[in-house]
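Colleague: Right, I'll just put the structure down here and ask away after.
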Amino acid sequence: MTAEALSSGELKAIRPYPARTGPKGNLVYKLITTTDHKMIGIMYCVACFIFFFVGGLLALLMRTELAAPGLQFLSNEQFNQLFTMHGTIMLLFYATPIVFGFANLVLPLQIGAPDVAFPRLNAFSFWLFLFGAAIGMAGFITPGGAADFGWTAYTPLTDAIHSPGVGGDLWIMGLIVAGLGTILGAVNMITTVVCLRAPGMTMFRMPIFTWNILVTSILVLIAFPLLTAALFGLAADRHLGAHIYDAANGGVLLWQHLFWFFGHPEVYIIALPFFGIVSEIFPVFSRKPIFGYTTLVYATLSIAALSVAVWAHHMFATGAVLLPFFSFMTYLIAVPTGIKFFNWVGTMWKGQLTFETPMLFSVGFAVTFLLGGLTGVLLASPPLDFHVTDSYFVVAHFHYVLFGTIVFSTFAGIYFWFPKMTGRLLDEQLGKLHFWLTFIGFHTTFLVQHWLGDMGMPRRYADYLPTDGFQGLNVVSTIGSFILGASMFPFVWNVFKSWRYGEVVTVDDPWGYGNSLEWATSCPPPRHNFTELPRIRSERPAFELHYPHMVERLRDEAYVGRRHAEELVEVSLH
C-alpha cells in the first residue's frame, strides 16, 4: 500500500497481533516449548474439544444402534467399548481438563498476575493430560479393542479373567498419567491464587471464577490421588495377582467406595468452575454487580465440603451403606446450590438484560441444570432410587446435570472470552444458531430418557425387544442426538472463520461492562498480561477503571446494609 493511499484515508488491513515471522514449523515449535499460560490455555481448549467431538461421535453410534430393536451394526462387545470410552472421554479427557483450560486463560489475568506460579509445571501438566488421554484411547487400535467394563470400572468386571485384553491396561495407565497432570495443574492454581495476587487483590476481592478454581483445585488434591492409588491397585490385581479387589474379601465394595469417593467430588470438580463462568457472565449482561458475592463464596465452600460426604448415594442398591445418612447429606447439598440459583436470579432481577450469545448459553445452563438438580433430589430418596437405579432415568439425570453445567457453560465462556484470547469477536448470528440447535437437540435427546427409565429400560444395553415398547421414545432421543451433533458445525465454522477474519477488537472490554481485571488489559494481552494495573479497591476493578464517575455511587450503594447494621448497633448502645 502506497503512502498516497494511506494519506488519502484508505482503509488498511490490520491484525490484532504482529505479522507472523520465523521459518516453517515455527508455530509447532512454539506450541511444544511454550510456557505462556494463555497459549497453554488455548491448547487445553483445542485438545479438549477434539476429545469432545470424539466422545460425541461414540454417543451418536450408540444412539443410532438404539433407534430400533435388534442389533443393527454394533455387536454387544463394541457397544460396551463405546459407552465405556464415551464416559471416560467426556468426563476425564474433556470436562476435567477444560477446567484447567479456562483457569489458564483467565485466572492469572483476573488476579493481576504475569503468569501462573510454575509455568514449566503448567506445560508439563498439559502434556501429561494429552499423552494420558492418548494412551487411554489407544485401546481402539489393539486387537482386543478398548476397555469395555464401563467408565466406573466395577470389579470383578475389570479383573484379568473378565477383561483380559490390553485395552483395559491402557485405560488404567492412561487415567493414571492424565490424573497426574490434573493433580499438578491443581497445585499450580492453588499456588498462583495464594502467592501471585496483585496489590490490593484481597481474597474477598477475587472474582467468583477465581474462587471457584481455588476450591476446585483443593477438591482435586483430595480426590485424584485416591483414584490414582485405586488404579495402581487394579493394575496390581490384573498383573501381579494382588487380590486387592477379590469378591471373596469384599473387594467389590472396596472398589466402589474408593471409586465413588473420587467420583462424587469429581462431579463438583467439573461443576464449580462452570458455576464460576456463569457468575462472571450474568453481571456483565445484566449491567449489575453480582448479587450476594460473599454468599456465593460461602456456597461454593459448602458444596465442596459436602461433596466429600455423599459418595455412597451411588451405592444405595448395594444394601451395604447407611441410607438415612447419605440420603440426608445428598438433600443437604441442594441448599448451597439453591443459594447460587437465588443469587444468579437476583443478579438478573430488574437488570438491563441483553441476550448476546454468552448470556444465552448461561441462561440455557440455568434452565438445564435446574431440571437436572430436581431429578437429583428425586434420586437422593432411596425408595425412588431403588425403582430407577441403573435405568435411563439415571442417564437422563446426569446428562442434564453434566451437559447442562459443563457444555452450556463451556460455550458461554468461549463466546465470552474469545475476544480476550484472540483479539477478534465471534459471529453473533452463528452463535445464536449454535445455541438453539444445542438447546433443542439436548432436550429432545434426554428429556424422553426420564420416561424410558421409568418404563424400565436399563442403561448400557445394546438391544431391547419390540414388545418392550421402548422404540418410540428411543427414536425421538436419537433424532435429538443428531440435532445436537449438527449444532457443532456452526460452532466449528464460527471459531475457524472468526479466528482468521472476525471483527477486530480494539478496546480492552468489548462487552462494555466487564468487572474483573482481565477486562483492564488489551485483547489479546501482552506476554506478561499487563503494562499497568488499575487500583484494586473492590471486586470490580475493571468496571471502576472504565466508569470512574460511578465509583462513589457504587461504594455508597454497596455498603448500605453494612452501614444500616452499624447504625442499629449504635442505637442499641445508646
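Backbone N, Cα and C define each Cβ position, glycine as well.
From a predicted model like this one, the values you see are computed outputs, not experimental measurements.
These came from Swiss-Prot, pasted as-is:
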type	residues	note
TRANSMEM	40-60	transmembrane segment
BINDING	HIS86, HIS399	Fe(II)-heme a binding site
TRANSMEM	89-109	transmembrane segment
TRANSMEM	121-141	transmembrane segment
TRANSMEM	170-190	transmembrane segment
TRANSMEM	213-233	transmembrane segment
TRANSMEM	258-278	transmembrane segment
BINDING	HIS264, TYR268, HIS313, HIS314	Cu cation binding site
TRANSMEM	290-310	transmembrane segment
TRANSMEM	315-335	transmembrane segment
TRANSMEM	359-379	transmembrane segment
BINDING	HIS397	heme a3 binding site
TRANSMEM	398-418	transmembrane segment
TRANSMEM	433-453	transmembrane segment
TRANSMEM	476-496	transmembrane segment
Colleague: How many whole Å apart are the CA atoms of HIS397 (heme a3 binding site) and HIS314 (Cu cation binding site)?
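Modeller: That comes out at 13 Å between the alpha carbons.
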Colleague: Give me the Cα-Cα distance between HIS86 (Fe(II)-heme a binding site) and HIS264 (Cu cation binding site), rounded to a whole Å.
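Modeller: Rounded to the nearest whole number, the Cα-Cα distance is 18 Å.
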Colleague: Near the transmembrane segment (121-141), which same-chain residues lie under 8 Å Cβ to Cβ, leaving out any that are not at least 6 residues past its ends?
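Modeller: Residues 34-35, 37, 40, 43-44, 47, 51, 54, 81, 85, 88-89, 92-93, 97, 100, 104, 147, 165-168, 170-171, 173-182, 184-185, 187-188 contact the transmembrane segment (121-141) from elsewhere in the chain.
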Colleague: Around the Cu cation site recorded as HIS264, TYR268, HIS313, HIS314, what other same-chain residues have a C-beta within 8 angstroms of the site's C-beta center?
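Modeller: So the additional residues around the site are TRP260, GLY263, PRO265, VAL267, SER307, VAL310, TRP311, THR330.
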Colleague: Tell me the Cα distance separating TYR268 (Cu cation binding site) from HIS399 (Fe(II)-heme a binding site), rounded to the nearest angstrom.
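Modeller: So the alpha carbons of HIS399 (Fe(II)-heme a binding site) and TYR268 (Cu cation binding site) sit roughly 14 Å from each other.
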Colleague: Are there any residues at least 6 positions away along the chain from HIS264 (Cu cation binding site) with a Cβ closer than 8 Å to its Cβ? List them or say none.
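Modeller: The answer is SER307, VAL308, VAL310, TRP311, HIS313, HIS314.
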Colleague: Who are the long-range neighbours of the transmembrane segment (290-310) in its own chain, taking Cβ under 8 Å and residues 6 or more past its ends?
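Modeller: Tertiary neighbours of the transmembrane segment (290-310) are 204, 208, 211-212, 215-216, 218-219, 222-223, 261, 264-265, 267-268, 272, 275, 279, 282-283, 326, 329-330, 332-333, 335-337, 339-340, 342-344, 346-347, 349, 515, 539.
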Colleague: Look at every Cβ pair spanning the transmembrane segment (398-418) and the transmembrane segment (89-109), keep those 6 or more apart in sequence, and say whether at least 3 of them are under 8 Å.
Modeller: yes
Colleague: Using all protein chains in view, find how many other C-beta atoms are within 10 Å of the C-beta of HIS314 (Cu cation binding site).
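Modeller: Other Cβ atoms within 10 Å of HIS314 (Cu cation binding site): 23.
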Colleague: Do the transmembrane segment (213-233) and the transmembrane segment (359-379) share at least 3 Cβ pairs closer than 8 Å, excluding pairs fewer than 6 residues apart in sequence?
Modeller: no
Colleague: Same-chain Cβ contacts of the transmembrane segment (40-60) under 8 Å, 6 or more residues past its ends?
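Modeller: That would be 31, 34, 82-83, 85-86, 89-90, 93-94, 97-98, 100-106, 122-123, 126, 129-130, 133, 137, 414, 421, 481-482, 484-485, 488.
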Colleague: Go through the chain and flag residues at least 6 beyond the ends of the transmembrane segment (315-335) whose CB is under 8 A from any CB in it; none is fine as an answer.
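Modeller: Hits for the transmembrane segment (315-335): 253, 256-257, 260, 302-303, 306-307, 309, 373, 376-377, 380-382, 385-386, 389-390.
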